[in-house]
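All remarks here apply to the structure that follows.
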């Protein structure tokens with residue numbers, strides 16, 4: 001299948017703008033979040049693990065709400081409006097509320113941060129992804145070609161994040177609010193009341209439809225697979241790898257700056273892969289594509305246990321550019337092929353996002369404790385071993401079903 005980027009489709013442009021602005025906002029602080037907490041605020045590995053656990057646990061509550069409500073709303077925007085306000089308020093919150101509280105009253109800062117980040121980012125990311133995926137199915141373009149702009153946004157944010165962070169993290173936080181304001185303006189332009197296809201996903205969704213998903217054995221196989229792979233990968237990539245990489249250099253500041261550059265380049269590659277991989281997944285099937293993504297995941301984690309050369313680790317980091325698009329696109333296509341496509345937000349947010357978050361909640365603190373006592377190498381060996389075991393589980397138990405690809409009527413290019 002030929003690569004088709006539908007720039008003339010106005011709905012594609014809206015979906016791309018949503019993704020670009022959200023992810024550039026997120027990357028400006030999230031890509032260096034662990035370094036900020038540990039290097040600037042002085043949190044221990046145990047405190048860092050506890051903070052990540054509480055953040056993820058709180059986001060689970062919002063994910064459950066977001067998934068069910070957005071499936072009922074179709075493509076209506078109340079929840080997207082909520083996200084836009086969180087983006088705008090991020091700068092003042094981080095500077096005047098979160099940072100002082102973590103230093104003076106860790107428990108209160110922990111709780112307020114978990115509520116804020118869960119509502120706007122950790123659950124909001126899945127909400128926005130599922131919202132743009134609904135747009136893609138309703139308005140006839142591949143989700144990955146729009147999501148690629150989110151990766152480009154993340155790359156741009158990550159590139160400048162390291163530069164501004166080395167001057168003052170507060171610059172990063174204020175820029176998030178600036179891009180949040182632009183996100184809000186884009187949301188104003190997308191007039192959901194004018195679209196004829198808005199209710200297509202939501203039509204006839206009943207309580208029984210949601211219950212049927214949770215009774216499906218295949219759903220729970222999928223959840224177990226996600227917990228055993230994506231949860232551990234997020235712990236590795238978010239909590240451990242940034243500090244590990246920065247520590248490979250003589251100066252922590254130099255390592256932080258180079259990590260920002262590397263992260264930016266990696267996400268540019270990720271964006272290119274995000275646009276191409278949907279067509280690869282259509283060819284090989286979502287199960288096979290998902291398993292390939294997990295093989296890359298295991299190799300990347302294991303390589304960090306075996307090598308400490310910054311050049312080798314930098315090359316290993318770039319594997320993320322293939323792995324993440326493979327996993328995310330495959331999850332959406334696996335969900336549509338195996339479950340009720342009207343419930344795509346519920347499946348993605350509960351089956352993928354909540355499942356991985358539960359794993360992070362349960363595993364972040366033990367991983368932090370293991371790191372404090374044994375160091376990076378032992379933790380990386382342990383995580384890669386578990387991911388390999390779950391790869392075998394997926395080979396035997398994940399479904400091989402595929403969605404039937406149907407040619408759709410083109411959508412008009414203007415609103």
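Even glycines carry a Cβ here, placed using N, Cα and C.
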Identical membrane-side domain name, residue 212 and residue 286, from Swiss-Prot: yes
Top partner of the transmembrane segment (17-37) among 78-98, 108-128, 148-167, 221-241 - counted as Cβ pairs under 8 Å: 148-167
Contact call for the transmembrane segment (49-69) and the transmembrane segment (108-128): at least 3 Cβ pairs under 8 Å, seq gap 6+: yes
Contact call for the transmembrane segment (288-308) and the transmembrane segment (78-98): at least 3 Cβ pairs under 8 Å, seq gap 6+: no
Intrachain neighbours beyond the transmembrane segment (148-167), with Cβ under 8 angstroms and 6 or more residues off its ends: 16-17, 19-29, 31-32, 35-36, 175, 253, 256-261, 263-268, 270-272, 274-275, 325
Listed stretch, out of 78-98, 108-128, 171-190, 261-281, 378-398, that has the most CB pairs under 8 angstroms to the transmembrane segment (221-241): 378-398
